[in-house]
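A quick write-up on the structure given underneath.
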Amino acid sequence: MTGERRGIMRYGILEFKDPVPDTSRKILHVDMDAFYANVEARDNPAIAYKPIVIAKHPKLTGGRGIVSTCNYKAREYGIHSAMTAAEAFKRCPHAVFIAGDWSHYQEVSQQIRTIFAQYTDLIEPMSLDEAYLDVTHNKLGIQSATHLAQRIQAQIKAELNLTCSIGVSYNKFLAKIASDYRKPFGITVVTPDQALEFLDDLPIDKFYGVGRQSVPYFHQRGIMTGADLRAIELEDLIEHFGKMGKSLYYKVRGVHDAPVQPHRERKSIGKETTFIQFLAEEEGVLDALTQLTKRVVEILKAKNFHAQTVTLKIRYDDFETLTRQLSLGSPSQDVEVISQAVQELWELHGHLHKSVRLLGVSTAGLIQLDKVHTQLSFEKM
């Protein structure tokens, strides 16, 4: 069966063959380049060539606030998403800080999806600035996925004056990695017969799903690249890395059969990560929670959801698991509001008497954007 390890009985011993990928699909991963910052630069040409940071200016917030994203000019100063705005200001005092107009970004994101819909109905938005497209059977009847990627990229540039990078491959995992390969304004194609070589050369920190907290643990075991990873048996990967090990065993062999899912009913939105090297310092915990919160908020905004509750999940090294919930004063998709709730939950219930093996942030009580507006208008009546 496609994507599974297949066993052959030989001389009474069950021998395993490598899993076989499904190479029949054509998947695009479209990732807008520094999306929020580039929308601001497009709308205000006077700042187009300056470092732009999407965050409230730290002088206005008493040093609080988190960078949502920044343009490539700001990245030259070492600024990156999920960094504190205070640190970003320290690195580049002359940067332009913009609080961000999320409703406008949602409008532009919808304009981009309208372009996608001219090519396929199989669109799975992952956030406001990225989406998977299954173009195997596309509306234009074009066989070449590379040609479709070129058309989509050119159309977004011509109609919206924004750039994107696109990964093209036969599954979501490879397309996702490929889209990050030639940024900005690049297209990277990974064909079935190129996949193993592409993955063999890939540094382990570029594997989607391997968090930066886990990278040192891989390096300690001599796993620097995909080739190092592929040389390890499934049983050993599971022993050292648990579920992640099994997932990576298949992915490094080019196997990832998850479909592009256009419509998924959401009762909650959350992200969690298991740390191969357990966290014993609060700085590491807070950094991980900031990253998780940012990813959750991106999905909330992409789906036009506001959350009414926030949940923090903590699992310690002895598998003791705590789950604590906090209700927000009003439905929100604001990264600072949700980050504050997460940090409050950690301060109230978290501790480091034991090291942390897993952290999770989730949101529930989800309300669509238009319903929130209706609710607020009723409150004013």
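In case you wondered, yes, glycine gets a Cβ from its N, Cα and C as well.
TrEMBL lists 27-211 with the feature domain 'UmuC'.
Long-range Cβ contacts of Asp129 (Mg(2+) binding site) within its own chain (separation 6+, distance under 8 Å): Asp31, Met32, Phe35, Tyr36, Ser109, Glu298. The feature Mg(2+) binding site is assigned by TrEMBL to Asp31, Asp129.
Cβ neighbour count for Tyr36 (site 'Substrate discrimination') (all protein chains, 10 Å cutoff from its Cβ): 25. Residues annotated as site 'Substrate discrimination' in TrEMBL: Tyr36.
Sequence annotations record features per position, and here TrEMBL assigns active site to Glu130. Glu130 (active site) carries a strand DSSP state (E or B).
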- By a simple count, how many Cβ atoms lie within 10 Å of the Cβ of Glu130 (active site), its own Cβ left out? 21
- If you average pLDDT over the domain 'UmuC' (27-211), what do you get? 94
